[in-house]
Amino acid sequence: MREILLIGLGGFFGAILRYLVSGIIPVKFGIPTGTLIVNLLGSFIIGFLIYSSLFGSLSTEYRLFIITGFCGALTTFSTFSYESFTMLEHNYYLKTGLNILLNVFGCLGMVYLGRLASMFFW
């Protein structure tokens, strides 16, 4: 039961941050920038914490709270997919491709940067 509460509490804060970021950051160049930012941020945090746990200790409770709960609610593949599909429906092919490339490769890059940052941290 404790694990579920930790995930739920982390998810509560991650969902609120996602809502705030998506509401504050406007669409730029026809790309849903808020979704991109939360996906990049969440990917960096996950990369940093996963690789930090290789060099230091990260308790199961922190992993559940931050990685599963917070980052799980912060990042959103379903919203990214819906926004990309909607862009395709409106025939924004170039912007859709750019959105997909930025999200996929940007998030992969952020996991890598998080990994590098964790090496310097520990």
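Using N, Cα and C of the backbone, Cβ positions are placed for all residues, glycine too.
The structure displayed is predicted, hence computed values, not measured ones.
According to Swiss-Prot:
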- Gly72, Thr75: Na(+) binding site (BINDING)
- 4-24: transmembrane segment (TRANSMEM)
- 36-56: transmembrane segment (TRANSMEM)
- 65-85: transmembrane segment (TRANSMEM)
- 100-120: transmembrane segment (TRANSMEM)
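Residue environment of Gly72 (Na(+) binding site) contains 18 other Cβ atoms, counted within 10 Å of its Cβ in all protein chains. The Cβ neighbour count for Thr75 (Na(+) binding site), using a 10 Å radius and every protein chain shown, is 22. Most Cβ pairs under 8 A with the transmembrane segment (36-56) among the ranges 4-24, 65-85, 100-120 are made by 100-120.
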